[in-house]
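Undergrad: Take a look at the following structure, please.
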Amino acid sequence: MFLSFLFLFPLSVLPVSWIFNSQPQEVPGTPITYDYIVIGGGTAGLTVASRLTEDPNVTVVVLEAGSNVENMPEVYIPGFAGSGMSFPDLRWDYETVPQEHLGGRRTIVGAAKALGGGTIVNSMIFTRGEKWQYDAWGSLNNDENWSWSALLPYFKKLEHFTPPTQAQIYGGAQIKEEFHGTSDSVGDGGRVEVGFPNYFYEQSQMWRTATGFQPSPDLSNGSPQGTVGVSTNSLDAHNNTRSTSVSAYYTPFASRSNLNVLTEVTVTKILWGERESHDPPLRASGVEFQYRNGYTGTFNVRREVILAGGTIGSPKILELSGVGNSTILEAAGVDAVLELPTVGENLAGSIPFTSWHDMDLTWPVEMIDHVHSWANAFTNATLTRDSLRLDPKLLEEQRALWELNRTGLLSASPRSLSLALPSQLYADGQFTNFIQQARRDLLYYANLFSNGNQHLANGIEWQYNMMLNSWEQNESAPVELNFEPGYSGPTSADDRPKRKYSSVNAVLLGPLSRGRTHISSSDPFEAPVIDPQYYAHPLDLLTHVKSIELARKMLRTRPLDSIYEGEFEPGEEMVDAEVITWAREVAASDNHAMGSLAMMPIHMGGVVDGRLRVYGIDNVRVVGQLICVSLLSASDVKADHSDASIIPFPISSHIVSTVYAIAEKASDFIIEDFRATSE
């Protein structure tokens, strides 16, 4: 144990007291100075640290609160994704304030607590958003660096892509090579292994047919909306193991003398250099941190502090450091050093419902159902993921098979998904009426969610116009439906029938509600106050309800009807308002939160500029590390966690590939900016 501990922390970096005294009585002498300090060793943090240390003259330290768990079977075996018994120990479970539109319930927003961040515990889904959304992102910032054509080279750069085999193509895998990184036959390729699994459940193909959607030629081509397909996975197709930011960006380079990665270290605040007045800009001089045994130390920084702590963690660190809304900071006992009032605002999540402002909303009979959630049914399919839970002998056999040749049920990472357009959710003309109502109330909700900040109200107004235009023109998918060949839902394994299931997850990809996350104390170990405002905008629930109805219908549609043995949840007896009530009672977070440090112009409520620099600070950059928000099963951990704090509005995708691309681009920005200032 002691030896493995030493390997994690090079002796040249460790204070002597850490090695010989588990409870140091005083801080060792002069702090070590690094060129770059990276706060957060997740998806983005490890990517940036690895790229920067390709220059042997650059020194980088990464500070991560979690542990290195890369060698846990629950992490690297695809079939165990989301079901590991130890996974609850690898997450920050942030409790929200009571959610008015969820009946006053508190929910949990999860964030990964491990080296590698969300890539350690997510479902390995590796898709991209819609082309027009990235273009809109660039348009919002008047910056072509953030557009589909500018980001595509980075999407390709990060991938080491393995094209599907004939067997995988037969199982439904489809790709267009021009949208992907190089394979083994062409050079070294990118860092993140991307490919397809070795096992496909038959019912997944049946579901894709039942959707009635057009097959996608490639879900990563920038035009996934309105189609259905098999998702690529962050998976090493050669040995059928999960690919993480640890395996991609750290482990192969851990021997670099200029790269130090410290785990189980909590950053408590950013330290600021002296300045002649209280006027911007600030300049970071280092960071303060605390090790697990209570030791408090500091590192100095020569060039930049790079913030990659997550959509919840990153604004928390800025606020603890005195950057944010001074009223909030002073109430928490923190001295404000920079007024930046939209830190922690613009939080976008996916979930509940209230009556429309000045509108008597009625529910047509066909518009039943609920919030993000699930529809699931009993099935007579021969094999499901439940089979492994129900039959310990089968699990033992499948584990042996995977160890032998990387095949069988544990080699599967089954994710067939569809991106539903408004026309696929709503009857003709129905959605148009709701869009018109949303336009009439646009300024009301923009001001409501801006928390009294007119600049942010301007930004939200811009977002709303952009999103409503795309939906009105039927060009964007507000909802993802993905199929689970097993149980997915709110009921724990102990409380549901011991049977096999088919499930459809409905994920609201384009919520209009906006919330916030803020500190309430100067104690860095106290959780922030999180208010996602789930379904505070009525169009969120309207759309989500329609997606659940569509999911229920799919489970009863040919050919999936041949293995259908009755609906379990929400239950065939539930219709209309009963389903809405059920949804309010069970809806939870899918952990795709974003937007809390939005990249937008400052006059629109932005926190970072187009080169990811925090407004008013010389040398602090946010590179994005994501935690995503849709809805989790109470019994399984299946979520994407990565820092999407800079993404200004929701994109129609699981976010991890976008976070990797942001981090790759950020690395280039950092290098370019240093060279420009050094010349």
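Cβ atoms are placed via backbone N, Cα and C, with glycine included.
Owing to the predicted nature of the structure, the values given are computational and were not obtained by experimental measurement.
So TrEMBL lists these for the protein:
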type	residues	note
ACT_SITE	HIS654	active site, proton acceptor
BINDING	VAL267	FAD binding site
DOMAIN	112-135	domain 'Glucose-methanol-choline oxidoreductase N-terminal'
DOMAIN	310-324	domain 'Glucose-methanol-choline oxidoreductase N-terminal'
SIGNAL	1-29	signal peptide
Undergrad: So for the residue listed as 'active site, proton acceptor', how many other CB atoms are inside 10 Å of its CB?
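TA: So the Cβ neighbour count for the residue listed as 'active site, proton acceptor' comes to 32.
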Undergrad: Tell me, what is the mean pLDDT of the domain 'Glucose-methanol-choline oxidoreductase N-terminal' (112-135)?
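TA: Mean per-residue confidence for the domain 'Glucose-methanol-choline oxidoreductase N-terminal' (112-135): 93 out of 100.
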Undergrad: With Cβ-Cβ distance below 8 Å and at least 6 positions apart along the chain, what are the contacts of VAL267 (FAD binding site)? List them in sequence order.
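TA: For VAL267 (FAD binding site), the qualifying residues are ILE39, LEU63, ALA65, VAL287, GLU288, PHE289, GLY309, ILE317, PRO524.
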